[in-house]
Amino acid sequence: MPQWFTSKSDPEDTRIQETLKSSCVLPRHIGIIMDGNGRWAKIKGKSRIAGHVAGVESVRDVVEASSQLGIENLTLFTFSIENWKRPKPEISALMKLLIKVLRKEAVKLLENDIRLEVIGDMEMIPDDVRKTLDETIELTRKNRGMAMTIALSYSGKWDITQACRHIALQVKQGLLDPETIDENLFASYLSTASMPDPDLLIRTSGEYRISNFMLWQNAYSEIIFSNTLWPDFRRNELYEAIREFQKRERRFGKTSEQLKTNEVE
């Protein structure tokens with residue numbers, strides 16, 4: 001398995017990154033639904049876990065490129081709550097792979113000023129995986145570069161439900177006035193409270209859905225659907241998605257004329 005942050009300096013890649021930085025504003029937060037490992041493996045005549053192993057190289061390249069670009073937040077949809085319904089041998093192999101990758105790359109994350117975070121229902125995560133996650137999070141918690149968040153045992157419906165449950169409990173205990181509940185307060189109870197909403201959401205493998213990922217947070221995200229299967233996704237596809245993002249006009253419910261007026265003011 002290749003190590004992270006060992007790519008040789010490429011003048012052309014550096015030029016592309018500098019062009020992206022100077023062309024227009026970069027997304028502060030990129031979310032990626034990494035899909036297509038199983039189909040990639042089937043096409044290659046390999047096992048599904050071989051597809052997941054191949055996908056690790058894509059993670060490495062995208063994390064490295066995002067960090068080099070100065071992206072503040074990168075969230076990778078790694079494993080959904082619904083994925084617990086998959087065959088147990090596949091789940092076990094995935095969890096072992098996650099532990100192996102975290103242990104192998106933790107020091108690289110530390111050295112490259114990347115902070116690891118995780119969102120999801122941790123009660124469903126096996127103890128050995130939680131222990132490895134906790135160790136890596138603690139190791140990198142003082143880093144101030146890019147925040148790389150793993151969405152593990154996560155679903156948008158779960159996130160909204162757990163926020164509602166916590167708010168309802170505080171109202172019941174008399175600690176929260178229902179009249180003070182607004183969008184900002186609600187968002188502060190989501191698992192993503194410490195990060196901005198995604199500006200750009202990328203979904204690989206040619207599927208056109210967001211698969212229960214950050215349902216609240218993606219309200220105004222620009223969504224790019226890539227036909228590339230995740231194990232074949234590399235920084236060039238990431239750059240192309242960012243170029244497309246930079247071409248789009250983000251109106252947030254306003255008209256183009258209103259945005260132009262605000263720019264003049």
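Placement of Cβ uses the backbone N, Cα and C atoms for every residue, glycine included.
The active site annotation in Swiss-Prot covers ASP35 and rests on sequence analysis. ASP35 (active site) falls within neither a helix nor a strand when secondary structure is assigned with DSSP, and so counts as coil. Using a 10 Å radius centred on the Cβ of ASP35 (active site) and all shown protein chains, the other Cβ atoms total 21.
Among the features that Swiss-Prot reports, active site, proton acceptor is placed at ASN83, with the record citing sequence analysis. ASN83 (active site, proton acceptor) falls within a helical segment according to DSSP. Taking all protein chains in view, 15 other C-beta atoms sit within 10 angstroms of the C-beta of ASN83 (active site, proton acceptor).
Reduced to three states, the DSSP call for GLU222 (Mg(2+) binding site) is strand. With a 10 A radius on its CB, GLU222 (Mg(2+) binding site) counts 19 other CB atoms from all the protein chains. Sequence annotations record features per position, and here Swiss-Prot assigns Mg(2+) binding site to ASP35, GLU222.
A C-beta separation below 8 Å, combined with a sequence spacing of at least six in one chain, links GLY38 (substrate binding site) to ARG48, GLY51. Residues annotated as substrate binding site in Swiss-Prot, with sequence analysis given as evidence: 36-40, ARG48, HIS52, 80-82, TRP84, ARG86, ARG203, 209-211.
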Collapsed DSSP category at ARG203 (substrate binding site): strand
